[in-house]
Structures are given as C-alpha cells and as structure tokens.
Amino acid sequence: MMAIKSHHCCFSFIFLLLPLLLQLHSVKGDLQLNYYAQSCPNAEEIIKQQVIKLYNKHGNTAVSWVRNLFHDCMVKSCDASLLLETVNGIESEQKSDRSFGMRNFKYVKTIKDALEQECPRTVSCADIVSLSARDGIVLLGGPRIEMKTGRKDSKRSYLSEVENTIPNHNDSMELVLSRFQSIGIDTQGIVALLGAHSVGRVHCVNLVHRLYPTVDPTLDPDYAEYLKGRCPTPDPDPEAVLYSRNDRETPMILDNMYYKNLLKHKGLLVIDQQLTSDPTTSPFVEKMAADNGYFHDQFARAVLLLSENNPLTGDEGEVRKDCRYVNSE
Ligand code: HEM
Ligand SMILES: *[C@@H]1O[C@H](CO)[C@@H](O)[C@H](O)[C@H]1NC(C)=O
C-alpha cells in the first residue's frame, strides 16, 4: 500500500514539474502580446495604417489578408512560407491549384516596406500575415481579435504539402473536419472559419460542375440560373476572370449572411453547401445564421487558433527583409 502511494506521489510530482522544466530548457520563444514593444514599438500601428490605406484604395486587399492567413497557417506553420516566390530552387506555394484566385500579394510589399523604413529587419513577414488578417477582419466588419506576435519566417516553401493540408472545394466534410481538427480547431470553430466565404469571390472553374450538364439538386434553382448568367459556359478558360461574388447581399462584410444563404441553398462551393447537409455541422450553421454575435465570437476564437498554429519562434527561421525571398547569407 505504502509503496504504491509514494510511487503515485512522485509520479504526479514529476508530472507537475515537467511543463516547467520543459519551459526552462526551451530554446523556442513563445508568442507574446506586443512582442515588438521594445524593438519596434510602432510595428502594429504601422501595419494597421497600411492595411487601412490599402483597403481604401483596393477594398479586396482586406479579403486577401484573410485568405492568406488560412493558406499560410494551414500549411505546416504560420511562417510566411506562402509568400515566397519561385526563384533559386524555391517553388512557390502560390503555384498550387489550391491557391487559385489568390491576389494582392504585391501589396504585402507595401506593408513590409513601411516597416523596413522604421525598423529594418525586425518585424517578420509571418507576423505581417497574421496582423494584416486581424486588421482586415475589422475593416470587413468582423470581430476585433487580440493576437500575439513573435513568429519567425521560414527559409523554405512547402508546395508539395499544400494539397495535403488545404482542402479542395469539393472534398468531403469528413476530410475537411479532420484537416482542421489536426491543428486543434473544433467543429464549431471550423464552421465559423468557413464564414470567411461571406466575402470575396469564386471563379467559374470552381462552380461550373454544379451547373452543367445538370444543375446540382442541392442548389436553389433560381440561384443556379443567376450563376449560369455569371458563368455562361461549362468550360471556362481558367485564365479568364469570370467569377461570382460569394454573397450578393453584403459582399464586403464578414457577417452571418453566409449562413443564411446556406440555409437557402445558395452556397457557392460544394463544401459550403455541405455545411448544412452534414449533421455534424448543420446545428452550428443554424446557430450562426440566427446570431451574428455568436458567429463573430466563434470566428475570433478559431482565427486565433489558426494564427498560432505551430509558429517558428526564438532563433528558428529568420526575419525576411523582402517577404518574397529568403535572406541571402
Ligand atoms: C474547406 C476549407 C476551404 C476550402 C475548400 C476553400 C476553398 C476556396 C475556394 C475554391 C475559393 C475561391 C477561389 C477562386 O475561385 O478565386 C476560396 C475563396 C476564399 N477563401 Fe476559402 N476555402 C476554405 C476555407 C477558408 C478559410 C478557413 C478561410 C479564412 C479563414 C478562407 C478564406 C477565403 C477567402 C477570403 C476567399 C475569397 C478570396 C478572394 O475573393 O480573393 N477560406 N476558398
Ligand atoms: C473535384 O474537383 C476537381 C477539379 O477542381 C476535379 O478534378 C475532381 O475530379 C473533383 N472531385 C470530385 C470527388 O468530384
């Protein structure tokens, strides 16, 4: 009896100490609130001002920052690997089919240049991805999210990983759920994240298979007619710019109109529409359609989880000077 008891005691003692010991010996840093407080006190304000300026000139930049966060953080880590261009043995993740339609990458440079002017080589591109998404969400009428910083930039891209992590527009709900669950996001968080499709657009290549040769029965017939008007041929040129807006009512607002549309069978992508037909996700769709505050709370929580997926910290990675290229030694 005694032996078992003391064994139990020491076991739990080590268990309690273990996280502390690991922390002390960790060479990784942790993400922190206001990581640049000393090194670049205006960093977050500079990013916010640039995001606002860009939004006033090109409103859809804010939409792009939201999609960038998803495509960067989902693939391996929030490490700005998405921003690397194809050069010197690097194959850009932007070349993946999954990145189809992504835009405004050139304006990341506008934000980075403003930071380089005030604090050279200090603020990472990975933090720009997260904070620009955060500030873009506010401009699009979404929730304010308090985000930590201190992410470092990768020295490589992960093109071959993109298709294993970013789901396709017509993947099964089961696969989509498992992809997000593997980075710690639960079902209601996933339903909320897809609410990002309340803004932006979908190109005809991602739609025509629901319209031709026959209309997908899960699509509202009148809406299908409208979409056929937007996408008049079954074989759109992938280079062509034909598209439909995700949400005709409030196309530039991150609100729960997306869920209301899903309940009316006006989801654009197969994966959008599946949120209402799958019994695991449909209760959350109904809740979010009924309550914009609930959607915003869940969206904020899930975006935060996404933005903290497996970051490089401390002396891992680097701080790129130009977000498109790794630094030369
Ligand atoms: C199952 C997961 C997802 C799939 C399969 C998916 C797929 C897609 C597709 C196919 C498009 C349209 C691309 C085009 O034709 O131009 C798109 C657009 C978009 N996605 Fe997603 N997406 C997913 C999740 C997310 C998440 C989690 C976010 C952000 C939190 C997001 C943000 C966006 C945004 C903002 C756009 C509009 C981009 C623009 O108009 O420039 N998506 N997505
Ligand atoms: C999904 O769409 C892609 C094209 O984007 C197509 O090649 C593929 O066959 C589709 N898969 C299913 C299961 O329908």
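Cβ atoms are placed via backbone N, Cα and C, with glycine included.
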Co-listed Ca(2+) 1-binding residue [TrEMBL; alongside Asp72, Val75, Asp79, Ser81] among Glu45, Glu93: Glu93
Of the candidates Cys119, Cys125, Cys204, the one sharing a disulfide with Cys40 in TrEMBL: Cys119
Cysteine paired with Cys323, where TrEMBL records a disulfide bond, from Cys125, Cys204, Cys231: Cys125
Bond partner of Cys78 - disulfide, per TrEMBL - picked from Cys10, Cys73: Cys73
Record TrEMBL, residue Cys204, disulfide partner from Cys10, Cys231: Cys231
By Cα-Cα distance, the member of recorded positions His71, Cys119, Cys204, Cys231, Asp247 nearest Asp79 (Ca(2+) 1 binding site): His71
Neighbour-count leader, CB within 10 A, binding-site residues: Asp72, Asp247: Asp72
Spatial neighbour of Arg67 (site 'Transition state stabilizer') that is closest, considering only the binding-site residues Pro167, His197, Thr250 and their CA atoms: His197
Contacting recorded positions for ligand 1, chosen from Val75, Cys78, Ser81, Thr250, Cys323 when the Cβ sits under 6 angstroms of any of its atoms: none
Neighbours of Asp247 (Ca(2+) 2 binding site) among the recorded positions Asp72, His197, Cys204 (Cα to Cα, within 10 Å): His197
